[in-house]
Structure formats: C-alpha cells, structure tokens
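Asks: Just passing along the structure, written as structure tokens.
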Ligand code: SAM
C-alpha cells in the first residue's frame, strides 16, 4: 500500500507519513478527526489534517507539558487541563501523589471517544477516579472558576478555530484568576522556528499578568520544526530554581531532573523571542 498522510505545516512545508491503515475518520461539530496507523510513528491522531499526537513521540510532549510545572509547585492538588482530550497530559498528572483531582476540559467529545478507542496507551487514565472529564469550552470554564486550581495546563490545538481565544491576554487574565494564590500555568506555544510573531506576543501578555513568565523547549519530531515551545506563567514559584536533586522518581522517558534544568536553556535565536521589548 502506498498511501501517505500529508500535513501542510507551514504554507511552504509539509510532513508526510506512510499510512498502513486509516482507522477512523469523522467530521465532528468542531473539526475533521482522523486516526491513522502510520509506518513511522504508529497510531496517530489528526484534527483538520494537523498531527496532534502519535504513539511514538507523544511522551515527549505530555511529560514536558506537565512535570516541569508540577515539580515547580511544592504541593499541586487540583490541576486543570484545557484541551488535551487524548488524555496524555492527565496520564502524566496523576503520577504525582499530591494530585487529588485532575479536571480535563475538552471542547470536542469525539476526541475523547476516539482516543479511548484507538489510543489506549495515551487515554488510559481518563477513567481514573481522580480524573474529572468535562466536555465544554475551556475559555468559559476558566471564566467561571476563581481561586480554584494549583496548576492549569493549556494543551490546545494551534491558534485557529475554537483554540484562538486560548492564546489571548483576556484568557490569560482568566487563567490568573482561576489559579490559587501560588498557582502556575503552562501552555503549549508552538514552534520557535515558524511562530516568531506569536511567541513574543504570548510572552509579553503573560509577563503583563503574572509576576514570572518563562519559556522552555522540547523536541517533538512530528510538530513543525521539531523543536517545540512551552510558556509558563507563575504567581510565586520559579521552575528554574527547583532543587532538582530532590525531585520524585516519575517513570518518564523524556523528562528527568537534568532535562528540567536544561529545558530552560534557550539557544540565542529563541532567547531573542522572549527578551523584554
Ligand atoms: N498536543 C496537541 C498539539 O499541540 O497538537 C494538542 C492535542 S489536544 C488533542 C488539543 C485539543 O484541544 C483538541 O482535542 C481540541 O478539540 C481542544 N480544544 C481546542 N479549543 C478548545 C477550547 N476552546 N476548549 C477546550 N478544548 C479545546
């Protein structure tokens, strides 16, 4: 079979994966959802023909969007994930014994259903008793909650469609208000190669609202450019000041105490994106 999935990652760049089998395809009220079995990355979820997660590289993204922030906070008990309907972030969050409740707010029920059916390695924690799954808009959810979460993780699609508002200053203000007095948040903030206007804008907005804003990096082969950015806004704790010799042993494949430290080391072409302007 010579069938290929092709994502247009920028107007001038594609990534192609050879497809062994198309496992699922549907048009949901929000997006076009597909699950492929690919030769290189194993099963892969796409939304509107954009790769969301694959069995082969999902651990990088899910470990890095969760543990860096969770380990920066001394006692995260209530954690919110916005988006993330595949369940990978939640799977990592409940590795932390301090977490009493992980709330997942995903706008599209079809993503959760498909992940449960086709990506059990990723969605396996969604039925854990500590996990609450809500199908609603994350923008509305943070508006309606005040002083409620120790950590908020924005595991969103790219800034198009229902995710546009998840990248704006009004949303970050609501995130600030939904966090407890020493809370922090982490958002996936796209490619430092291809989103060179977006990242400085996000950093500025987060810096205007939170006492501390910083950016860190991880390598995710299926995302545009391979190098991915995460932005953290924190009311109190600085993730760069964590005593990494005292971090818990978490059974991870990418995240480690040393990676926690080095993730904040930014190559000059990325550092220039986060400088005060
Ligand atoms: N790791 C992924 C990436 O960076 O490509 C993100 C994966 S996760 C599947 C993204 C999810 O965010 C999607 O399932 C999408 O439905 C959800 N989403 C988008 N906008 C949302 C909103 N406003 N509220 C809640 N969920 C949203």
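Positions of Cβ are set from backbone N, Cα and C atoms, glycine also.
These figures come from a predicted structure and were not determined experimentally.
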Asks: Per TrEMBL, which one of 86, 170, 174, 182 shares the spermidine site with 62, 155, 156, 157, 158?
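Replies: For spermidine, TrEMBL names 62, 155, 156, 157, 158; of 86, 170, 174, 182, the listed one is 86.
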Asks: Going by TrEMBL, 31, 106, 137, 138 bind S-methyl-5'-thioadenosine; tell me which of 74, 76, 162 is listed for that site too.
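Replies: According to TrEMBL, the candidate sharing the S-methyl-5'-thioadenosine site with 31, 106, 137, 138 is 162.
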Asks: Checking proximity to ligand 1 here: which binding-site residues out of 106, 156, 158 have their Cβ closer than 6 Å to it?
Replies: 106, 156
Asks: Quick check: with 31, 106, 137, 138, 162 left out, which same-chain residues have Cβ atoms within 8 Å of the centroid of the S-methyl-5'-thioadenosine site Cβ atoms?
Replies: 30, 82, 83, 107, 108, 136, 156, 157, 163
Asks: Near residue 62 (spermidine binding site), which of the recorded positions 106, 137, 138, 155, 162 can be found within 10 Å, Cα to Cα?
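Replies: Cα filter at 10 Å returns 155.
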Asks: Using only the Cα atoms of 62, 86, 155, 156, 157, 158, which the record gives as binding spermidine, return the largest interatomic distance in Å, rounded to a whole number.
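Replies: Spelled out: the longest distance between any two Cα atoms in 62, 86, 155, 156, 157, 158 is 16 Å.
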Asks: Counting only other Cβ atoms and using a 10 Å cut-off, which of the binding-site residues 137, 158 scores lowest?
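Replies: The binding-site residues 137, 158 were compared, and 137 has the fewest Cβ atoms within 10 Å.
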Asks: How far apart, in Å, are the two Cα atoms that lie farthest from each other among 31, 106, 137, 138, 162, the residues recorded as binding S-methyl-5'-thioadenosine?
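Replies: Largest Cα to Cα distance for the S-methyl-5'-thioadenosine-binding set is 16 Å.
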